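Colleague: Before we start, here is the structure in question, set down as structure tokens.
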């Protein structure tokens with residue numbers, strides 16, 4: 001019906017916060033398992049920061065770095081004064097000043113509610129933004145300054161810029177300008193080119209979306225209009241499988257039911273289809289052109305972020321009395337969603353940056369990888385070492401003469417400690433990685449939208465996966481029906497079918513007798529005495545409730561020709577082979593398909609009625625009086641129907657056990673059976689009903705319609721009215737459906753786990769259901785225990801709970817809430833790199849002194865050649881999976897060295913380099929510098945293999 005309105009029952013903040021998601025890990029807890037609020041607690045005792053975390057014997061290789069992360073926020077908070085300014089405060093001040101200037105120059109327009117007249121954009125009182133999408137970070141004027149700022153805000157690039165600029169000072173010049181400016185210019189050129197390509201690709205994607213053509217309905221008929229030219233008030237026609245260009249109110253559809261389904265995966269990530277209902281006043285108009293023959297407008301609330309709520313009204317002024325209809329989220333079509341059924345017509349209410357999708361999208365920013373941040377920190381450490389070394393050299397000279405000039409010259413001489421080639425290789429590697437990802441035949445269609453962070457894919461530590469639709473197919477199969485005293489499984493469904501057939505046969509014979517005696521049908525009386533029903537009648541009531549309480553629509557494929565539409569509609573084909581079901585949730589479809597399998601079939605549905613076919617072929621018609629859709633807040637849905645044959649009015653409701661247990665009559669089996677089904681991996685739904693008299697329903701309808709037309713606090717008022725019905729409902733049954741696992745999900749999870757990834761499953765299911773799915777998908781082995789992380793209120797309790805978990809061996813962790821952190825490069829790895837560099841540098845210089853004592857005048861050629869060969873050999877020994885580009889890069893690097901001999905003849909004596917003595921001595925130095933390191937690495941891999949070594953080829 002057109003009066004359908006989604007319900008948002010009143011829930012306290014505490015109740016909403018208690019609806020947490022369960023997270024499962026098969027490889028142990030993340031280092032950030034404490035509550036996120038721990039950094040804000042000022043009154044905790046200081047000893048918590050030093051509280052040791054007990055580590056298990058395996059699975060925690062980086063325990064030192066993980067431990068030091070715990071008090072990091074508090075350490076940063078203690079920084080004050082000059083230390084705070086040097087360590088990042090200057091960047092915060094600059095950013096704050098820039099934001100303040102931007103806010104002064106671009107004051108945001110205050111968002112207001114609006115009145116939108118159908119088909120007349122010129123009647124809009126205010127000017128609204130263009131309906132164009134812009135995902136670009138820069139424009140023509142800000143591109144170069146913006147890219148340079150993003151580069152030089154890092155200490156590494158800023159250091160090289162200062163060093164290069166110093167060579168313009170004659171007193172500080174120690175080399176050729178091109179040796180400093182050429183690498184820096186190359187880095188900037190590569191960066192600017194990469195950013196330009198990314199920006200151009202974003203421009204092309206935006207242009208493609210903004211140039212899409214849509215049919216706009218005008219007084220003169222249909223005209224084609226670009227998406228960017230759509231205005232508030234336009235009547236836009238959107239075809240099936242076409243993207244909705246702007247936020248609209250749903251006016252008409254080609255579907256006879258007056259509703260349609262849309263796909264919202266590009267808006268909220270949900271794969272389930274959403275049911276949308278057209279405004280009944282415009283849906284009932286005889287023809288499409290009649291939209292311009294009425295004088296109507298839509299009152300819409302001001303634009304806001306929430307995509308799950310909307311409050312508005314539709315008013316038709318040319319009728320007597322004026323027609324007022326309440327508008328809710330069911331009557332809206334948000335931009336970036338896709339029409340999944342039929343053709344729809346809507347009136348545009350929000351455009352451009354006022355649409356829900358754009359308002360929920362943050363401004364595009366330059367993404368920086370963890371590797372860049374770590375290199376920036378390491379560069380600062382190396383710079384401090386460089387300064388210390390320069391001070392030592394000046395001290396050894398006794399601070400004689402202009403010592404400050406000598407200090408700066410030593411800084412320049414030792415500047416090669418920080419190699420600019422590292423920056424060059426990093427940028428070139430990122431570009432190559434992005435190109436290889438897009439050209440990989442194993443992942444066709446992959447698009448690298450940001451070429452600055454492709455290397456982050458190789459540093460994944462945690463994998464967070466949803467359950468429904470990711471680990472499972474989101475294809476439900478009905479498995480269990482429980483009535484309290486009797487339970488039916490897949491092997492006893494034939495008993496339900498027989499009992500249902502007998503029940504409807506008796507009902508049909510009683511109806512025939514009543515018709516013969518001309519006895520009018522009796523209306524439902526809520527005060528009828530309670531009697532114990534037979535199992536057959538209870539099965540009948542349960543199946544009928546499941547067949548009526550849903551939002552499923554049967555769809556029949558057209559078999560006639562285009563000119564035979566009316567004939568085909570008059571003689572509609574209700575055959576089972578020609579019928580499919582559409583719904584916003586696969587659970588709904590599974591339930592309706594089950595009722596069809598036991599004999600009660602849904603054959604037709606529109607906004608006002610529903611038809612069921614009994615096992616004997618009789619058609620039962622029910623009038624849909626009200627529908628209360630499912631929401632994540634209420635966790636239940638309901639429908640009020642009137643049986644046309646008996647005039648009985650019944651309120652059916654189904655939902656999660658946590659929501660339904662408070663509204664059904666007292667029972668002693670619901671909680672226990674829900675737990676039993678959950679342990680089998682089934683998703684449960686509780687079904688209940690309440691019979692209403694005509695007086696009760698009329699009173700409810702009056703209060704409900706009045707609440708729906710409220711402008712202020714509509715949600716609260718509607719929820720309060722609906723809650724008056726949700727009392728002492730009769731519990732009918734408990735259903736259980738199973739979600740099938742995805743193909744090859746078990747070996748995939750096992751392979752990822754062997755690669756060293758810690759896998760977490762996020763789900764909103766019951767604890768028992770999630771545990772069962774985790775074991776069946778091999779996320780957790782069947783012999784592995786689970787440790788449930790109990791609720792904690794302080795950081796100390798979180799430490800104790802983690803210690804209790806880590807004492808257990810081979811145990812999976814279950815957490816309620818979101819308390820996960822990543823892992824960065826540890827100081828241990830950096831120190832290992834430094835020690836390797838010192839070892840190899842020492843071998844190169846000592847070997848040159850020992851083996852080339854008589855030819856030490858050629859020390860540059862000796863050390864440089866050995867250094868190039870050592871670096872190339874170390875890279876080759878580090879690579880585990882070779883790509884042809886890597887081999888080309890090695891050869892090109894060697895070629896660059898050979899080519900440099902031609903124009904650097906003042907440093908290299910080519911005849912000396914070509915001698916056999918030079919070759920074997922340099923080779924010996926290279927082998928001594930590399931071979932011991934490789935042997936140590938090989939022994940470590942054999943004695944303590946890494947987790948990813950378990951991966952099969």
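Cβ atoms here come from the backbone N, Cα and C positions, even for glycine.
Remember, it's a predicted structure, so these values are computed and weren't measured experimentally.
These came from TrEMBL, pasted as-is:
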- 466, 467, 468, 588, 630, 654, 683, 763, 764, 765: ATP binding site (BINDING)
- 503-528: compositional bias 'Polar residues' (COMPBIAS)
- 222-356: domain 'P-type ATPase A' (DOMAIN)
- 503-535: region 'Disordered' (REGION)
- 178-197: transmembrane segment (TRANSMEM)
- 381-400: transmembrane segment (TRANSMEM)
- 406-426: transmembrane segment (TRANSMEM)
- 830-850: transmembrane segment (TRANSMEM)
- 856-877: transmembrane segment (TRANSMEM)
- 884-904: transmembrane segment (TRANSMEM)
- 910-936: transmembrane segment (TRANSMEM)
Colleague: I'd like to know the mean pLDDT over the domain 'P-type ATPase A' (222-356).
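Modeller: Per the prediction, mean pLDDT sits at 89 for the domain 'P-type ATPase A' (222-356).
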Colleague: Assuming the binding residues for ATP are exactly those in the record, 466, 467, 468, 588, 630, 654, 683, 763, 764, 765, what is the maximum CA-CA distance in angstrom, rounded?
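Modeller: It comes out at 24 Å between the most distant Cα atoms.
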Colleague: Where among 381-400, 884-904, 910-936 do we find the most Cβ pairs under 8 Å to the transmembrane segment (856-877)?
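Modeller: Going through each listed stretch, the top one turns out to be 910-936.
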Colleague: Given pairs 6 or more apart, does the transmembrane segment (406-426) have at least three Cβ pairs under 8 Å with the transmembrane segment (178-197)?
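Modeller: Contact between the transmembrane segment (406-426) and the transmembrane segment (178-197): present.
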Colleague: Are there residues at least 6 beyond the ends of the transmembrane segment (830-850) whose Cβ is under 8 Å from a Cβ of it, and what are they?
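Modeller: Residues packing against the transmembrane segment (830-850) from afar: 378, 381, 856, 859, 862-863, 866-867, 870, 921, 924-925, 928-930, 933.
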Colleague: Within the same chain, where does the transmembrane segment (178-197) have neighbours whose Cβ lies under 8 angstroms from its own Cβ atoms, ignoring anything closer than 6 residues to its ends? I mean 6 or more beyond.
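Modeller: Residues 138, 143-144, 147-148, 151, 157, 160-161, 163-164, 167, 420-421, 423-424, 427-428, 430-431, 451-452 contact the transmembrane segment (178-197) from elsewhere in the chain.
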Colleague: Would you pick out, from the binding-site residues 468, 764, the residue whose Cβ has the largest number of other Cβ atoms within 10 Å?
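Modeller: Result of the Cβ crowding comparison: 468.
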Colleague: Output, ordered by sequence, the same-chain residues six or more apart from residue 466 (ATP binding site) with a CB under 8 Å from its CB, or 'none'.
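Modeller: Those within reach of residue 466 (ATP binding site), by Cβ under 8 Å and sequence separation of 6 or more, are 761, 762, 763.
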Colleague: Sort out the sequence-distant neighbours of residue 683 (ATP binding site) for me: same chain, 6+ apart, CB within less than 8 Å of its CB, listed by position.
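Modeller: Correct list: 476, 587, 736, 737, 738, 739, 765, 769.
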